[in-house]
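See structure below.
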Amino acid sequence: MKLFKIRGGVHPDDRKRLASEQPIETLPLPDLLHIPLQQHIGAPASPAVRRGQRVAKGELLAHGQGVISAPVHAPTSGRIMGVGQYPAHHASGLSVPTITLKPDGEDRWADHIQGVEDPFALAPEEIAARVAAAGIVGLGGATFPSAVKLDLRKRYAVHTLVINGAECEPYLTCDDRLMRERAESVIDGIRLMARALGVSRIVIGIEDNKPEAQAAMAVAASIDPDIRIARLPTRYPMGSEKHLVQTLTGRETPARGLTADIGVVVHNPATAFAVHEALRLGHPLVARVVTVSGGAIARPANVRVPLGTRVQDLIAHCGGFKDEPARLISGGPMMGQPLPSTRVPMVKGSNGVLALTAAEINGGTPRPCIRCAGCVQACPCGLVPLEMVAHIRAGDLEGAVKRGLMDCIGCGSCAYVCPGHIPLVQYLNHAKGEMAARGRAKQKQTETKRLAEQRTARMEAIKRAKREQMEQRKREMAARKKAEAAAAAQQATAAEPVAAETEA
Amino acid sequence: MPIETPAAQCGPFAHDTVGIPRTMGLVMLALVPATLFGLWQFGWPAIWLFLATLAGALLAEILSLWFAGKPIRPDLSDGTALLTGWLLAMTLPPWAPWWIGVVGALLAIVVAKQVFGGVGQNLFNPAMVARVALLIAFPLEMTSFVAPTPLFSAEAPGLVESLAITFGGQGFDAFSGATVLGQVRTELGQGETLATILPDLYAPLSGAVGTVAGSLGETSALLLLLGGLFLLYKRVITWHIPVALLGTIAVLAALMHLIDPEHYAGPLYHLVSGATLLGAFFIATDPVTSPVSARGQLLFGAGCGLLIYVIRTWAGYPEGVAFAVLLMNACAPLIDHYVKPRIYGRDRRGQPLEYANDVETSR
């Protein structure tokens, strides 16, 4: 298959070897699970259980609210300990609404859980509806509710389903292992997604540092002539949706657009696997495969983890720390989030937990920019990070926006290559956050202004109405007076002839 | 057993192994062959001048930082001041008195670098600012060149004698002369034709190897080319500036030579003489003072090449690299303003691309 070149990108040490040969293990049930209500982009789910309630595995814990949302299900059977606040799987570590579940150890599925005999006989809408009900979100890390993406054919002319098996972040191997070990299930899920989307073109892109995954997927895909497997060059950020689609089709997604604008919908292999389980077995999304790795982890592994498991339980399963971790990260080292503590729970979007040593991070003290243009060469979006950051440092956020700040995908290639160790991403993120806050403030301001204007207009209208009423009344009074005067005059003139007559 | 890790900070949590000191170190490493050749060929006076210039640069950096109240160690250890001194020394007449090197280094570091705000802030290439200032202020000292007298050869001055040349203020009239570029200029001005001048002065081979009169580190075109290729291989520089610069000179020289071979020398002459190769690989590629985008760099390199050729051929100075680079340094911000990479998903004017939705993609 012909591939197209994308610009920029970097070649970080891949360090996948740490975990890539570790088969997927299943984590023994921890003694407590903390399941946040929001594990997806969009509106948070609203709780459907009470404290003390007993639940079976797969039972609904919280329903999705609104168009872009996803329900949350019980990862195992047990008793609800509370619906309260617990530290989030997020850099801030702030507490968020979370359901705490105490497993009873039986791991018993709810009675209603059952799969569909022949899911390919289902209508496309029905597949999407079941995916929605199973709480499946994009498992590559972005956590966009998958069913919404499976419904895109309603608004876009979708012709191709692309499966993002690039997995370009260093260390991460969970998709690699899943494709190697469960290729048939993944392919089944992919075909179901293609059916929901109504497309017959399916391209699975896999970076060429995963030959085993390519081979396994090729064997499993041989049942469907519509599926093609593309060997992608290993280059970060190949897994960026728009860049992947460009590599495969040569088409660039217009700025501010979606890949659906050029007819392509992208899903992740782990999402496909979840779709397979949801349709064939009726299992909602209650567990996922996570790569636990990094130089500070005693035994790097790929583990299938019940959602809500605390990071500390997962790390303990992997032998704990053998070295002092300088950073604990959720996701890959390039775009992952630092985790403030090992207490936080695993969520649908967490594809990796990395404990990195200081040596692996290879940090340095920031030095002045020498305009080496390394960041310009590395940027896959054609931006000039050094210039944007100079503007941000000078407080000129508008200048940064004018130079494409909002087109930045935050991949971190620029900061990775910067010889001056300048935290470029931090500056860019700060500016993006500030612009978003300004946007909200401005929106609020215009809203306030609009309301004030409406009020003024209303008052004016009332005043005008009153004035008009007054004038109307005045006019009426004047008219009445006039009429009376006229009537009086008429009476007088009418009386006159009489008088005249009488005179005559 | 919950552990707490340091306060939130965003990624990436991996970093390439490059650093500014390493980059500067690689550039200096690339300069080593040409420098050693120059030092060998011009003997002890050149060695003293070289050391005096480096010491001057380091001293100037320390003094400037100290006066500015900045920490000295991080800036001094990044290697930028040392490299500036080194590059300046490469462009000096090898037997120039010590104070030429030291004054030049002071000019480069204090006037051209630190007053702009230090590393990364200067608009002009410090070494070239210093060289041009010296050329204007001390034309005699800056244009007195010696014929090569390799170390340990019969004509070479000894250790003591060379101390007198560099530090003692003794002239060396017996040896002084001009470079090939200067000589050719003068004689062309006197109405001679290239056919009569060149064969006496210039053999492409010695020009390439470097056994000719010239600045301390500029004579060996081949060794400079070797260093340049090393920098390309190590990805310290990209090909854009050198190729555009050398290509422009070569094309212009070829064109003019075709039109009037009597008065215009061919491409090879221009490529191997003077500071062309040093300029193409080590001077014009200075990241701080050149544009950041690939297309901008092509434009910048071509501009340097054009100016070098024009200055050498028609202007008042035989050597054009320093002037050309400085003039283009002044244009670099303008180039960066107008020539930017195309943003993903947008056209060159910054408007979002047209939506194109059809199934026609490669099979």
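Placed from the backbone N, Cα and C atoms, the Cβ positions cover glycine too.
Long-range Cβ contacts of B:THR179 (FMN phosphoryl threonine) within its own chain (separation 6+, distance under 8 Å): B:PHE145, B:VAL212, B:ALA213, B:GLY214, B:SER215, B:SER273, B:GLY274, B:PRO318, B:GLU319. Annotation source TrEMBL lists FMN phosphoryl threonine at B:THR179.
Per TrEMBL, transmembrane segment is recorded for B:20-40 (among others).
Among the features that TrEMBL reports, transmembrane segment is placed at B:47-68 (among others). Using a Cβ-Cβ cut-off under 8 Å and counting only residues 6 or more beyond its ends in the same chain, the transmembrane segment (B:47-68) has close neighbours at 35, 39, 75-76, 81-82, 84-86, 88-89, 92, 94-98, 100-106, 108-110, 113-114, 118, 162-163, 166-167, 216.
Annotation comment: TrEMBL describes B:96-116 (among others) as transmembrane segment. Within the same chain, residues 48-50, 52-57, 59-61, 63-65, 68, 80-81, 84-85, 88-89, 122-127, 129-131, 133-134, 138, 141-142, 144, 165-167, 169 sit at least 6 positions outside the transmembrane segment (B:96-116) and bring their C-beta atoms closer than 8 Å to a C-beta of that stretch.
According to TrEMBL, the feature transmembrane segment maps to B:128-147 (among others).
For B:208-232 (among others), the entry in TrEMBL reads transmembrane segment.
The feature transmembrane segment is assigned by TrEMBL to B:239-259 (among others).
Per TrEMBL, transmembrane segment is recorded for B:265-284 (among others). Listed by sequence, the residues of this chain that lie at least six past the ends of the transmembrane segment (B:265-284) yet keep a Cβ under 8 A from its Cβ atoms are 27, 30-31, 34, 87, 90-91, 125, 127-128, 179-181, 184, 194, 198, 202, 204, 207-208, 212, 214-215, 217-218, 221, 224-225, 227-228, 231, 237, 241-242, 245-246, 249-251, 253-254, 257, 290, 300-301, 304, 308-309, 312, 318-322, 324-325, 328.
Per TrEMBL, transmembrane segment is recorded for B:296-315 (among others).
Per TrEMBL, transmembrane segment is recorded for B:321-339 (among others). For the transmembrane segment (B:321-339), same-chain residues at least 6 beyond its ends with a Cβ under 8 Å from one of its own Cβ atoms are 91, 123-125, 128-129, 131-132, 135, 274-276, 278-279, 283-284, 289-293, 295-296, 299-300, 303-308, 311, 315.
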Cβ pairs under 8 Å between the transmembrane segment (B:208-232) and the transmembrane segment (B:20-40), at least three: yes
